[in-house]
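Engineer: First the structure, which I've put down as structure tokens, then a few questions once you've had a look.
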């Protein structure tokens, strides 16, 4: 203790000031160190922040504090003339940066009309526009079955869940939804989160924190939620070039197979429409001993015979014939360790989820703060989401109609020479290449043509690749598409925006006008597009009845 006191006197100016000898320090320690520590500006704050195992202090703690309390004269008082930090000034400076680089966001007041989809009104209900950029890909937000299910549920169970899943917020709606999601992806378990942003952040950060020496490999175009989760994981990470599997393998080869590794990527990248080679990524994961973390946010509902996403689509026939059962052979869907996705796009409501093995789901359920310490989704939301997942599973025609409308728009824009970034998916990214012009193009579409298409600028996309992002749905008929095409042609003429030939004259960009670019074939083949709901397995037309044990907790 003498050694500790000597060290304290050397390090702490407070100790050296209030003690004239080491004997005094020793006496201080033995008699009244607690009271003296309260006079130290550092220790006073540290002692005020007491920790307890429970959420509240143990009984008697407050009384003990009162018994030890003594009148304290502050040792150090700040000068009354010292200026307060200019908080508003900092906020304004940061906002001005975004205005100057054209990344400041303006929100459009868009109120989508369920009975007039894809119409919406702005501030005034008579001021109507056609929405062409919603992520409600299959229009389930206004599906009659979904809305009726939500109405019945809210009438019976009220507006909110009442708490976290651990405290009063766990119910049959959560269990039914998780059973449907696990069945959709043919995984042992599923776990519902308040959003897929939260799911990605919670799962990735937890795995990094719990696995010793984990290394994460992330596609450079991954969503902000995955980037945030990887940052919170606080582990070694490598960013591989977008869809560049040679680069990914070079990075994986740097580490022994026994070291924990995870590859994080998306199936469909929402701002470009590019698609990952999931099969080859699984090959690399197995070769180098890595887990696979696949975000299917922009593909669930849209790909595969049952809407499970691109991983299912890659073995389309095997899954179509097997229905809810797993095919006899190993599929890409089997090989992906973790799938995350959203309830807020193709399924029309809100929320996110993880589908994985029972042990992994139970691990996340038991340890992830982003799941544990947040209120459960409302019963009506979960019931409506389960109804949407079930209904779309047997609605092959909706997926096909969305693909047909997308193809019509892409072909029409191509005929006009309007530059669409080529891709094999349902996304229609129209290249502008300038943030101010992209914003003006969006404004003209809205004000002159009553068409809402959002401009996409930095930081969502790299500078110089600014674009308009169009997302046709089953509700966007060919007649509506013709109106859009005429409006786009007018905007390109008005603003004298570069067409495909103009991009080609400068060497091209992002596949637009690039002389050696070879476009990928669409994910949906003509044979798949010719199928009907009658070609689906009978098992997909019945809801999943059995709840998952992992949803409530597995009994030892």
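Here the Cβ of each residue, glycine as well, is placed from N, Cα and C on the backbone.
Grabbed the feature section from Swiss-Prot, which reads as follows:
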- 1-46: transit peptide (TRANSIT)
- 105, 218, 237, 460: substrate binding site (BINDING)
- 270, 298, 342, 374, 375: pyridoxal 5'-phosphate binding site (BINDING)
- 345: active site (ACT_SITE)
- 345: N6-(pyridoxal phosphate)lysine (MOD_RES)
Engineer: Of all the binding-site residues here, 342, 374, 460, which one's CB has the most other CB atoms within 10 A?
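Structural biologist: Sorting the candidates by Cβ neighbours within 10 Å, the top entry is 342.
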Engineer: Report the nearest neighbour of residue 105 (substrate binding site) in space among the binding-site residues 270, 298, 374, comparing Cα positions.
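Structural biologist: Sorting the binding-site residues by distance from residue 105 (substrate binding site), the top entry is 270.
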Engineer: Which one is it: of the binding-site residues 218, 270, 375, which Cβ has the fewest other Cβ atoms within 10 Å in this structure?
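Structural biologist: Selected from the binding-site residues 218, 270, 375 on minimum Cβ neighbours within 10 Å: 375.
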Engineer: Between 105, 237, 298, 345, which of the recorded positions has its C-beta surrounded by the fewest other C-beta atoms within 10 Å?
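Structural biologist: The recorded positions 105, 237, 298, 345 were compared, and 105 has the fewest Cβ atoms within 10 Å.
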Engineer: If you measure every Cα to Cα distance among 105, 218, 237, 460, the residues said to bind substrate, what is the biggest one in Å?
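Structural biologist: Answer in Å: the longest Cα-Cα distance is 30.
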Engineer: What is the maximum Cα to Cα distance, in Å and rounded to a whole number, among the residues 270, 298, 342, 374, 375 annotated as binding pyridoxal 5'-phosphate?
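Structural biologist: With 270, 298, 342, 374, 375 as the binding residues for pyridoxal 5'-phosphate, the largest Cα distance is 28 Å.
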Engineer: Looking only at C-alpha atoms, tell me how far residue 237 (substrate binding site) is from residue 375 (pyridoxal 5'-phosphate binding site), rounded to the nearest Å.
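Structural biologist: On Cα coordinates alone, these residues lie 31 Å apart.
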Engineer: Here's one to test understanding: among the binding-site residues 298, 342, 374, whose C-alpha is closest in space to the C-alpha of residue 460 (substrate binding site)?
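Structural biologist: The answer is 298.
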Engineer: Between residue 375 (pyridoxal 5'-phosphate binding site) and the residue listed as 'active site', how many Å separate their Cα atoms?
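Structural biologist: Here the two Cα atoms are 21 Å apart.
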